[in-house]
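Per Swiss-Prot, these features apply:
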ACT_SITE  E86  active site
BINDING   R19, G20, E21, D22, T23, R24, G52  NAD(+) binding site
DOMAIN    10-179  domain 'TIR'
DOMAIN    198-417  domain 'NB-ARC'
REPEAT    252-275  repeat 'LRR 2'
REPEAT    599-622  repeat 'LRR 4'
REPEAT    645-669  repeat 'LRR 5'
REPEAT    670-693  repeat 'LRR 6'
REPEAT    741-763  repeat 'LRR 8'
REPEAT    784-807  repeat 'LRR 9'
REPEAT    832-857  repeat 'LRR 11'
REPEAT    878-902  repeat 'LRR 12'
REPEAT    904-926  repeat 'LRR 13'
REPEAT    927-949  repeat 'LRR 14'
REPEAT    987-1010  repeat 'LRR 16'
REPEAT    1045-1070  repeat 'LRR 18'
SITE      W82  site 'Important for ADPR cyclization'
Amino acid sequence: MLTSSSHHGRSYDVFLSFRGEDTRKTFVGHLFNALIEKGIHTFMDDKELKRGKSISSELMKAIGESRFAVVVFSKNYASSTWCLEELVKILEIHEKFELIVVPVFYDVDPSTVRKQNGEYAVCFTKFEANLVDDRDKVLRWREALTKVANISGHDLRNTYNGDESKCIQQILKDIFDKFCFSISITNRDLVGIESQIKKLSSLLRMDLKGVRLVGIWGMGGVGKTTAARALFNRYYQNFESACFLEDVKEYLQHHTLLYLQKTLLSKLLKVEFVDCTDTEEMCVILKRRLCSKKVLVVLDDVNHNDQLDKLVGAEDWFGSGSRIVITTRDMKLLKNHDVHETYEIKVLEKDEAIELFNLHAFKRSSPEKEFKELLNLVVDYTGGLPLALKVLGSLLYKEDLDVWISTIDRLKDNPEGEIMATLKISFDGLRDYEKSIFLDIACFFRGYNQRDMTALFHASGFHPVLGVKTLVEKSLIFILEDKIQMHDLMQEMGRQIAVQESPMRRIYRPEDVKDACIGDMRKEAIEGLLLTEPEQFEEGELEYMYSAEALKKTRRLRILVKEYYNRGFDEPVAYLPNSLLWLEWRNYSSNSFPSNFEPSKLVYLTMKGSSIIELWNGAKRLAFLTTLDLSYCHKLIQTPDFRMITNLERLILSSCDALVEVHPSVGFLKNLILLNMDHCISLERLPAIIQSECLEVLDLNYCFNLKMFPEVERNMTHLKKLDLTSTGIRELPASIEHLSSLENLQMHSCNQLVSLPSSIWRFRNLKISECEKLGSLPEIHGNSNCTRELILKLVSIKELPTSIGNLTSLNFLEICNCKTISSLSSSIWGLTSLTTLKLLDCRKLKNLPGIPNAINHLSGHGLQLLLTLEQPTIYERLDLLRIIDMSWCSCISSLPHNIWMLKFLRILCISYCSRLEYLPENLGHLEHLEELLADGTGILRLPSSVARLNKLEVLSFRKKFAIGPKVQYSSSMLNLPDDVFGSLGSLGSVVKLNLSGNGFCNLPETMNQLFCLEYLDITFCQRLEALPELPPSIKELYVDEHLALRIMEDLVIKCKELNLIAVTKIEYQNFYRWLDSIWSDVSELLENSQKQQLDDMLQLIPFSYLSTAKREEVLKIVIHGTRIPEWFRWQDRSATTMSVNLPEYWYTENFLGFAICCSCCFYHSARSYDVEFEGSMHHYNYDSSYWKEYEEPSYDFYERDSIEITAKLTPRHKGMRTEELKKVCSFSMNVLRRATAVPNMCFAFFPFNSLCHISNLQANNPNDYGIFETCLSPGDIRHRGKQWGFNLVYKDETGGSVTHEMLINR
């Protein structure tokens, strides 16, 4: 038997698929005997099936445990559904890279199989007639035949002229060749690689005929070779020949390139080494011999251009359809060789990294409980690098906790040698200046801005453009959002190299700093110094470190970074080396720099939080300085003279409290890009003129005392952001019009601003808010096509400019909370580009003179005096209007009769228009209406014409808010007629229906005709005692508890799509009384919530029905409560993950699924609510002991999108070929908020089919899975009162359900 089979834990080498009546006693019989004679363990159904076994299950299992599948196509093969199902399974495993398919065309042409014509067409005609209800199955059969027929195989009639003996011998040869050829990959290696292979497959473009070269690149140990192996195994049988040359770089350490050329040719042509002594001559031979062959070649770990030139020189070396795959650490090699596509392999995501580590450290996908915390430390250390995960996982396999702890401590100082050696290979190939750049980044500058680094390296003479480019191409660093980054382990490697330098030039470790500054270390060699921890210094040592005597010895010091506070050290610094290029000194204690400090090549200077009063007297020539940061220097009273700092790009003076003015020369810095002076609260004056032509950002935020803005020169065309928030500026100069590129103008809380120049309309976006003294806006002279967006909030204007219509490009206008505005200019008609008009809470606005024709979105939220759109002619022109939002408009008592003319309206929101009591009868003419939102209105009846709204998807007539700000409650809902929604049944397009808080007794029987309905909310409908039959499309149901208990069983059975039931506890008639009592007597509410109503509800769920083959979705229930039922066998209060070893035979035919329950308290960020009831307001606070018990102040759940519960089954033993089964369900915050701010119980039932489809059970025994794990995320949930647990659910003798605990007791 071939050893490869047993090595991989496979039961068979070859699986034979054939039509018995055609070939069992002829071709297949002979092939089977030949395979057995050669020692190839072969599965043939009549030879291997054991008595009493299910034939189908046995076959499926045999396919999954085979290395090869030989499919013998004969005339009657397609007539057997058994054969076709077998073929589908073969293809499924083949596409997971785990099975090699060898098609044999016995007495049919390959095109007959591929196209299903001839004899196969007759079979499929019958199938399509007999399997009308299962067309998907027929399509799967067709697809499988087509795909397998496209694999290179053996055509007995045409290739072998009918000679069965020759054909069988060639099949044997191919199998032997491919056993030696195919590169093994364990399941552990494939973690996280599936998505990468999918992407690489798309880059190969197997559908194209030409030659295609694909490059795979990335840092060492990231998984390039693994990806290439998986890709090779997936596709090599589609080529005439294939060769995987592994580790070319290492291979050439022991052999010549000529030898490698000969190896490549020998493997591709299956010939002996050719007699040749010259690489150039060998190139000619390779091209001549391979130019007509379709080949797959993988060159792994290439590191030199010559290797590519001599092995895969050009496209014309290979035949049409050939594919060349190259893996390398150096992307530049791929560019130089003109590969068609490149793909970078990235490190693993956290969950994938944990899985890979577990498979090596524990030989399974889940860890042992006591190692979980340490596991995360190790995985975080690796940064998701597969090599590191494998090495450390194998190192810690079967070790105890003490060894783990010791290893983690050791890794901090001495990284694992094998990992570092692999990473260092790329570093060793660098030029000296490239090595210097890399070491500077690793020791000091990871995460720094690329522009700053370029300036530093240029001043250091390191050729930064070429150097940084090379480091990126070799995967040693990467650029992310203009910052230079590197992998954690790459930084460890770089720092390790820096420590081993002799003498040390870069000092970054605290233990080395002391020796460097006051010890015997050669100080004259030091180029970089990082000072981080003063605690290491004894009394007097810190003073010496900063003394002139010590610092004068650091003559070559380029980089000085001090990150800590001085902590009692107040002595002046007497000396700083003039060699400094980068000086970063936080909390510098001196008032100024030493007088002899002349750093002529200084590039970067930051002195955040220092005691500097002035940097130096007079002007200094600092021609290389690009960044000066003096932020939080609270004593700074004077800025330097900038006349000789001509290349300054960024000047940051943020929060310099004592600064009254800046040097006038700042206005003439031609290269200045950023000037940040925010929170300079004493600043009174800027230079009279600013002509910094490169300036892009000017931030004067919170400069309260700044009264005047300077004149702007014409060359100021690059400024994009100007922030004047909370300044004391009274007016802006007309010359501001020269800021032609301004995109972001912030004028928030400019309390002294009284006027704006007309040039303000030259800016694209204008947002003016809380400018209390601004009484008017300037007129627009002539048409202006600049301003696109205008937002006015809390300003004191009484009207818009009469010339507002001249803003011909304005497309967004929002006027919010402007309490004095009473009218809009009639020229608003002229806003021909206006698509959005929002008039929000402008309570004195009396009329809307017109609506521009282009309007798309019209909002009049909260308007009190607006005489609604009564003009009969305006609707004829509003063909583009899609959204009308008139919510909270208490003045509206009716909608215009002509609203029906808005035929393209999609959303109509009239919620909380309390005086609105009816809808127009012609509402049904809004034939494109998709959402009708009428919450909290006085509407008592839907017009019959709504039956015509055949595109309506959302219908909401909620009569109250869920608990939250401004809760509104109306007694009108108690007396609604039962036929208020009589037309519902005709709204077949409705997807979401909200009837919460209504007082009707019945819903129409036609509800079951809402075939698209997925969301139904009937909470707080106290008078509703029963439900009509609901449509089977329902997915989410929000319902009161009294109703849920009555309908649960019937609902689950009939609504096949149902996956969420959210249950509320509060009875409608007690709603107001409950609000009054919740804050004063919370303990009683809490006691009631713990009556275990969930237990009663769960007894009603037909779990047996949920576990049928047709139901694969998780059922979720949300209900009030704090304690989970006792029958949840495995429970926890602290951990967010639980893992248990299942009993040996936990799975039986009666097993239904896994039940998981979690109690959590989700609360609102508001601390009080206003409730309106029959005209009076009531205010409620909930700062009670109850909330203090359940709140976690450091965590607000509303910042999360959802809470997720995961169920996962893992194989019992290592080496099993079964993959883990996993299913995730989520409870969105929108659902959990509806539980009225009391503790929630989240219950999830995972039918076994949701983890493992019933068809998979034919190939896998569920009892092979011995570990069940469930986790609750987000994983940082840490609030008091949380409890959760799970159990296994089985079917009992009566058809009901029992838990595993109950089963054991029986």
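Backbone N, Cα and C atoms are what each Cβ position is placed from, and that goes for glycine too.
Values in this document were obtained by computation on a predicted structure and should not be read as measured data.
Of all the binding-site residues listed here (R19, R24), it is R24 whose C-beta has the fewest other C-beta atoms within 10 angstroms. In the shown protein chains, 21 other C-beta atoms lie within 10 A of the C-beta of D22 (NAD(+) binding site).
At the 8 Å Cβ cutoff, the repeat 'LRR 8' (741-763) and the repeat 'LRR 9' (784-807) share at least 3 close pairs (sequence separation 6 or more) and count as touching.
Distance noted between the C-alpha atoms of W82 (site 'Important for ADPR cyclization') and G20 (NAD(+) binding site) is 11 Å. Here the CA atom of E86 (active site) lies 11 Å from the CA atom of R19 (NAD(+) binding site). Comparing C-alpha positions, the residue listed as 'active site' sits nearest to G20 among the binding-site residues G20, E21, D22, R24. Long-range neighbours of the repeat 'LRR 2' (252-275) within the same chain, counting only residues 6 or more positions beyond its ends whose Cβ lies under 8 Å from a Cβ of the stretch, are 177, 241-243, 245, 282-283, 285-286, 289-290, 293, 295, 297, 306-307, 310-311. Cβ contacts within 10 Å of E21 (NAD(+) binding site), excluding its own Cβ and spanning all protein chains shown: 11. When secondary structure is read from DSSP and collapsed to three states, R24 (NAD(+) binding site) falls in the coil class. According to DSSP, W82 (site 'Important for ADPR cyclization') sits within a helical segment. Per-residue pLDDT, averaged over the repeat 'LRR 12' (878-902), rounds to 86. A sphere of 10 angstroms centred on the C-beta of the residue listed as 'active site' encloses 23 other C-beta atoms. For the repeat 'LRR 8' (741-763), the number of residues in each DSSP class (helix H, G, I; strand E, B; coil) is 5 helix, 5 strand, 13 coil. Counting other C-beta atoms within 10 Å of each candidate's C-beta, the recorded positions G20, T23, W82 are led by T23.
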